[in-house]
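Reviewing the structure listed below.
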Amino acid sequence: MIIGLNNAKVAVLGASGGIGQPLSLLLKNSPLVGELSLFDIAHTPGVAADLSHIETRAHVTGYMGPDQLNAALKGCDVVVIPAGVPRKPGMTRDDLFNTNATIVATLADAVARNCPEAMICIIANPVNSTIPITSEVMKKYGVYNPNRVFGVTTLDIVRANAFVAELKGLDPARVNVPVIGGHAGKTIIPLISQATPKVEFPADQLSALTARIQDAGTEVVKAKAGAGSATLSMAYAGARFTFSVLDAMNGKEGVVECAYVRSEETECKYFSTPLLLGKHGIEKNLGLGKLSAFEENLVADAIGELKGSIKKGEDFVANMK
């Protein structure tokens, strides 16, 4: 496991894919990463060879196929999982369930056996269900730690920051909009009222902005016209979240990110809120904070769908052979 600061071993499961390749590039570029372990069912030796020529110190190893999965995970501190199939036009994230649920359950099983104490960052959609799946698989092995299993919703925050900055003529790097709930459609709840710096929008503009943040993934799916879904922005967001986790593990204080995790903040078993990260994962759930009436309605509207997605994930593991 961690050999001193800034020397973490990070695995990317699904490293050859549309998100996996640019994500692996960003991780290779970081001084926080000592070892980069890349796994996929195809092309990983090539991706690893390519990245290994970059003049940064992260040591890159590629692993390919199910028989190399265990080796890829040995001694990992952080495991990031962008594996799975992307959306095509007309698909919801839930349409990916049957394929991606099996993929995530298989990978979570291997994590539970090989590096049960690693921080697990799940990108594979539908995140609203793949986090319950990961948690239930970890429970089967008696190694579940709710403070170390994260659904990466960072792209929703990144998008909210970009869109608010654009509308207000601000520097996006200085805008921070918390986004709570889940990671699909109306379960994505941007808290514009809690944005820093403080911003205000008339009701119609606020409603349109909220809808754009909720549907931003579909905006990219449509624009790519069958060639996939958000990969580059997702890789950026996945790297941002992973770096925050690593910073916190290295003892940096005050690291806050939103993520979809086991939660007592609402009546949903899993819910995304701002989290204070620490050496052992979640140090403190910072909760929903003060909501506007508009935001309270968004939360009320999201609960039913979220509960259904959570149950679907739990049932999938319960019924697994």
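Every residue, even glycine, has its Cβ placed from backbone N, Cα and C.
For 9-151, the entry in TrEMBL reads domain 'Lactate/malate dehydrogenase N-terminal'.
Annotated NAD(+) binding site per TrEMBL: Gly14, Ala15, Ser16, Gly17, Gly18, Ile19, Gly20, Asp40, Asn100, Ile123, Ala124, Asn125, Met234, in sequence order. Taking a C-beta cut-off of under 8 angstroms and a sequence separation of 6 or more, Ser16 (NAD(+) binding site) has the following same-chain neighbours: Leu38, Asp40, Ile41, Ala42, His43, Thr44, Gly46, Val47.
Around Asn125 (substrate binding site), the C-beta neighbours below 8 angstroms that are at least 6 residues distant in the chain are Gly84, Arg87, Arg93, Leu96, Asn100, His183, Ala184. If you look up TrEMBL, you'll see Arg87, Arg93, Asn125, Arg159 marked as substrate binding site.
Among the features that TrEMBL reports, domain 'Lactate/malate dehydrogenase C-terminal' is placed at 153-317.
The 10 Å shell around the Cβ of His183 (active site, proton acceptor) contains 28 further Cβ atoms across the protein chains shown. Annotated active site, proton acceptor per TrEMBL: His183, in sequence order.
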Alpha-carbon distance [Arg159 (substrate binding site); Gly18 (NAD(+) binding site)] in Å:
19
Using a Cβ-Cβ cut-off under 8 angstroms and a sequence gap of six or more, which residues of the chain neighbour Arg159 (substrate binding site)?
Ile213, Ala216, Ser233
Neighbourhood of Met234 (NAD(+) binding site) by C-beta distance under 8 A, where only residues 6 or more apart in the same chain count:
Ile19, Leu23, Pro82, Ile123, Leu155
Cβ neighbour count (within 10 Å, all chains shown) around Asn100 (NAD(+) binding site):
22
